[in-house]
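Trainee: One structure follows; several queries about it will come next.
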Amino acid sequence: MLIYNMKNLNKQLGKKVAVIGAAGGIGQPLSLLLKLNPNVSRLSLYDIVNTPGVAVDLSHINTNSNVVGYKGQDSIGEAITDADVIVIPAGVPRKPGMTRDDLFNTNANIVQSIGQAIAKHAPKAHVLVIANPVNSTVPIIAETLKKAGVFDPRRIFGVTTLDVVRASTFVSELKGTDAVKTKVTVVGGHSGVTIIPLLSQTGINFTQEEIEKLTHRIQYGGDEVVKAKDGTGSATLSMAQAGARFTNSLLEALEGKTGIVEPSYVYSPVAAKEGVAWFSTNIELGVNGVEKIHPLGKLSEYEQKLYAEAIPELQKNIKKGEAHVNK
Ligand code: NAD
Ligand code: LMR
């Protein structure tokens, strides 16, 4: 008699990662990086356009993962069924002069419909939201899953990795440190004043002028790229690297590796007393997703001021996302 050991079979099958918006500016390089990742066994690429070509192209790379492309709304169910991780870079990017919140009207509906598909076809997946405005799109996914009765706060992540990637780069440029080893904790949300770099926790000495300049650059780093791209989009390549880094950290944690810490905008008690349910701090990842949420730690007087400025904006952004689903 042939007996299948499901645990071993699942291990052999490895992890399935689905990218939603895979043919886009972020989606394509992100999918390339995931195709190169040995922790990914099945790569499922979904978009409303162009995915078959992207998938066939990537499938010729000689790594041990299987790539399948799905195009069009009828195929999203198949694309995400059994996915361990679903990454969402679907939606429109900014043009110069726009805020991330200006993307709300278009992206809220896109993200909500993806959330409905996840509730139906992949309610146990870990969901990584890249689509902007992250401060609102994450609550949209959460409320959509709540409505369907499948909300698990440990499995929903707003991807804020790019903020710490930029912070490491900008600090190392100024101070001549190794960019790879320079760690900066960034908390709050993912837009303008809601991005709060905690430079006082780096162990590096800064003048107040340096702190103010760096803080502004980290908060508005996205605008630098939008301006330089001059109407053709926002960060795609650095975002793909940041998204691939976060996905890999989560996959390693899901496989049982311990002590993995990344920042993420998650359902969090950190700012709950201010009525802010979603907040980014460093998170320890584990086999079930969010394992432990790190506290803010000690803030300087300047950082306390930044925190106070971020709170009303976060309250507004979160309420707007929730209201979109519950209207
Ligand atoms: P893009 O326009 O190049 O690509 C978006 C892709 O999404 C396109 O291929 C499009 O066909 C697809 N799409 C649209 N509607 C869809 C749907 N219903 N289902 C599946 N796919 C759909 O844009 P981009 O530059 O890749 O940016 C994508 C999003 O990521 C934007 O909202 C942008 O603001 C955001 N972003 C976030 C961060 C972050 O740090 N979280 C960083 C950069 C960009
Ligand atoms: C970023 O930080 O680069 C992204 O959120 C894209 C944007 O609109 O700036």
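Placed from the backbone N, Cα and C atoms, the Cβ positions cover glycine too.
Note that the structure is a prediction, hence the values are computed from the model and not measured.
Pulled these features from TrEMBL for this protein:
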DOMAIN    16-158  domain 'Lactate/malate dehydrogenase N-terminal'
BINDING   GLY21, ALA22, ALA23, GLY24, GLY25, ILE26, GLY27, ASP47, ASN107, ILE130, ALA131, ASN132, MET239  NAD(+) binding site
BINDING   ARG94, ARG100, ASN132, ARG166  substrate binding site
DOMAIN    160-324  domain 'Lactate/malate dehydrogenase C-terminal'
ACT_SITE  HIS190  active site, proton acceptor
Trainee: For ASN132 (substrate binding site), list the number of other Cβ atoms lying within 10 Å of its Cβ atom.
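Mentor: Around the Cβ of ASN132 (substrate binding site), 27 other Cβ atoms lie within 10 Å.
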Trainee: Please list the binding-site residues from ARG100, ASN132, ARG166 whose Cβ falls under 6 Å of any atom in ligand 2.
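Mentor: Going through ARG100, ASN132, ARG166 in sequence order, those close to ligand 2 turn out to be ARG100, ASN132.
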Trainee: Let me make sure I understand the structure: which of the recorded positions listed (ARG94, ARG100, ARG166, HIS190) has the fewest other Cβ atoms within 10 A of its Cβ?
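Mentor: Each of the recorded positions ARG94, ARG100, ARG166, HIS190 was scored by Cβ atoms within 10 Å; lowest is ARG94.
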Trainee: Which of the recorded positions ARG94, ARG100, ARG166, HIS190 has its Cα nearest to the Cα of GLY21 (NAD(+) binding site)?
Mentor: ARG94
Trainee: Can you give me the Cα-Cα distance between ASN107 (NAD(+) binding site) and ASN132 (substrate binding site) in Å, rounded to a whole number?
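Mentor: ASN132 (substrate binding site) has its Cα 7 Å from the Cα of ASN107 (NAD(+) binding site).
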Trainee: Please report the Cα separation of ARG166 (substrate binding site) and GLY25 (NAD(+) binding site) in Å, rounded to an integer.
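Mentor: On Cα coordinates alone, these residues lie 19 Å apart.
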Trainee: To the nearest Å, how far is the Cα of ARG100 (substrate binding site) from the Cα of HIS190 (active site, proton acceptor)?
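Mentor: Counting only the Cα atoms, the answer is 9 Å.
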Trainee: Measuring CB to CB from MET239 (NAD(+) binding site), give everything in the same chain under 8 Å that is also at least six residues away in sequence.
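Mentor: Non-local contacts for MET239 (NAD(+) binding site): ILE26, LEU30, PRO89, ILE130, LEU162.
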Trainee: Mind checking which of ALA23, ALA131 has the fewest other CB atoms within 10 A of its CB? They're the binding-site residues.
Mentor: ALA23
